[in-house]
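Beneath this line is the structure, given in structure tokens, with notes to follow.
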Amino acid sequence: MALVSIAPLASKSCLHKSLSSSAHELKTICRTIPTLGMSRRGKSATPSMSMSLTTTVSDDGVQRRMGDFHSNLWNDDFIQSLSTSYGEPSYRERAERLIGEVKKMFNSMSSEDGELISPHNDLIQRVWMVDSVERLGIERHFKNEIKSALDYVYSYWSEKGIGCGRESVVADLNSTALGFRTLRLHGYAVSADVLNLFKDQNGQFACSPSQTEEEIRSVLNLYRASLIAFPGEKVMEEAEIFSAKYLEESLQKISVSSLSQEIRDVLEYGWHTYLPRMEARNHIDVFGQDTQNSKSCINTEKLLELAKLEFNIFHSLQKRELEYLVRWWKDSGSPQMTFCRHRHVEYYTLASCIAFEPQHSGFRLGFAKACHIITILDDMYDTFGTVDELELFTAAMKRWDPSAADCLPEYMKGVYLILYDTVNEMSREAEKAQGRDTLDYARRAWDDYLDSYMQEAKWIATGYLPTFAEYYENGKVSSGHRTSALQPILTMDIPFPPHILKEVDFPSKLNDLACAILRLRGDTRCYKADRARGEEASSISCYMKDNPGATEEDALDHINAMISDVIRGLNWELLNPNSSVPISSKKHVFDISRAFHYGYKYRDGYSVANIETKSLVKRTVIDPVTL
């Protein structure tokens, strides 16, 4: 990876480079670009909640806009200082023994009925077991056992739901809600209409005034089920409203306990922003304190010990991957790019929260690299670069030739090379996994992405405020979701032949919706700070332009309603039981959407990364759990 040169750019040199036979436009633009050396910031970067605009004066006197973002929070010395002993073989051997014992626990549920598993509890025990290993983050070891358990449960599923066991006379809410959620997440065809059976004669979900622990747990699972809604499922919306209100009220009545903490976690994060490794970390705490588990026929101590071991063993791999990532960041010349945010550790954390299988290092590191580059480009196109420079950069990138960088301002050369080298590197990794060259395909995705940024840069420069439709279509591309996901998923041990890839990547509905939610949610968190930096166009401002008299609150209500619809659409694209594309092929694109959504849950967590995002890094990457 080439380092960024800080030597002055000889402007005339680019005039003598033959960029291509069709590059007359590049040469013309190049003549208009002044020499640009290292820039001087008018204000130092400190952690800022306002994301105010600072002025930067370059060596040639060009006034440049720059967001006042805080610096990288995770320096090399800190990353190198992290230590862990959980990479030792003894921990892996202990985990393997526990995996074998948990498999025996699964298999015992398939044997003849005994004292612990009977016709009166065989369904709820299977569903509870599957739900537990998934929430603890250890399900990858039990794929066959999970399928066998759910096939069994589904064989007894009916339009009335299920009871605790196959011989239960009446369906109960807890078994049906948890069964519905788990079956739907695994692609089984289950109708949400089954939840209507738990309404009273007035069409309302019924509950008792006493709010017993058993009932609270049932409503908690109803709430969890309601979040896996498909478009048009009114009963799911009703269930979500009812159960959320019920659970909020229950927190005022019950004592502080593992149950109250579980309720708080689920209400706080829902499903779309409850990233799997974060949920595993939280559920380890809850699971170990839950007295209800002692009533189960399952040996919960073994599940808990395995979950802790797996969490910490992966933690040792994270340390090695972080050390590599920080070296890559330094060697790429990124530290010299003072005009942009540096959030490579945060992006790696998001990737490791949605894909913590050891074999998916390429995905985690590829995602972190791609997102780091996207952030550099975002800050360059939105604030630092001039329109003439950005046009030159966009045209040069489409040539895909290192010599094209000779015509660029000095600060852009480093950006060009990190993008060029990294995309080529990930393409080589993808070729190993997929057995075919995907570089041209990836380049087209990056070309579209840069074109969308160029459009936005022109809007900023001219002060043009587009219509909502104009902004939305361009904004889905400039969100960066596609370029962040495409090459990382191609490095995985999941086959993506062309007919599958087009159902996951562009022009699929899954890709469109994933890009949409990133654009819309990002706008709701960033539009005020963007406006302060001179970036007027957002879904909020464009909606207000199209609807004279609409307030910001009206616009936000409209955008939030769109987001809710998009989430249900995403659920359908992932879990449609009639889809010809396996869930495993779509899952990581979907989960990337969840990861980005988490980053915008409270604020712009990529600009202000020193609050919730920092906590996520510490809890899921830096700190192991106590065995």
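Yeah, the Cβs are placed from backbone N, Cα and C, and that goes for glycine too.
Swiss-Prot lists ASP378, ASP382 with the feature Mg(2+) 1 binding site, giving similarity to another entry as the kind of evidence. Cβ neighbour count for ASP378 (Mg(2+) 1 binding site) (all protein chains, 10 Å cutoff from its Cβ): 19.
Residues or ranges marked as Mg(2+) 2 binding site in Swiss-Prot: ASP378, ASP382.
Around the Cβ of ASP530 (Mg(2+) 3 binding site), a 10 Å sphere holds 24 further Cβ atoms from the protein chains shown. Under the heading Mg(2+) 3 binding site, Swiss-Prot lists ASP530, citing similarity to another entry as support.
Positions annotated as motif 'DDXXD motif' by Swiss-Prot: 378-382. Only residues 6 or more beyond the boundaries of the motif 'DDXXD motif' (378-382), in the same chain, are considered here, and those with a CB under 8 A from a CB of the stretch are 66-67, 69, 339-341, 390, 393, 412, 415, 453-454, 456-457, 460, 480, 530, 533, 535.
The transit peptide annotation in Swiss-Prot covers 1-36 and is backed by sequence analysis.
A Cα-Cα distance of 9 Å separates ASP382 (Mg(2+) 1 binding site) from ASP530 (Mg(2+) 3 binding site). Here the Cβ of ASP382 (Mg(2+) 1 binding site) has 22 other Cβ atoms within 10 Å, regardless of which shown protein chain they belong to.
Put simply, ASP530 (Mg(2+) 3 binding site) is 12 Å from ASP378 (Mg(2+) 1 binding site) when counted between their Cα atoms.
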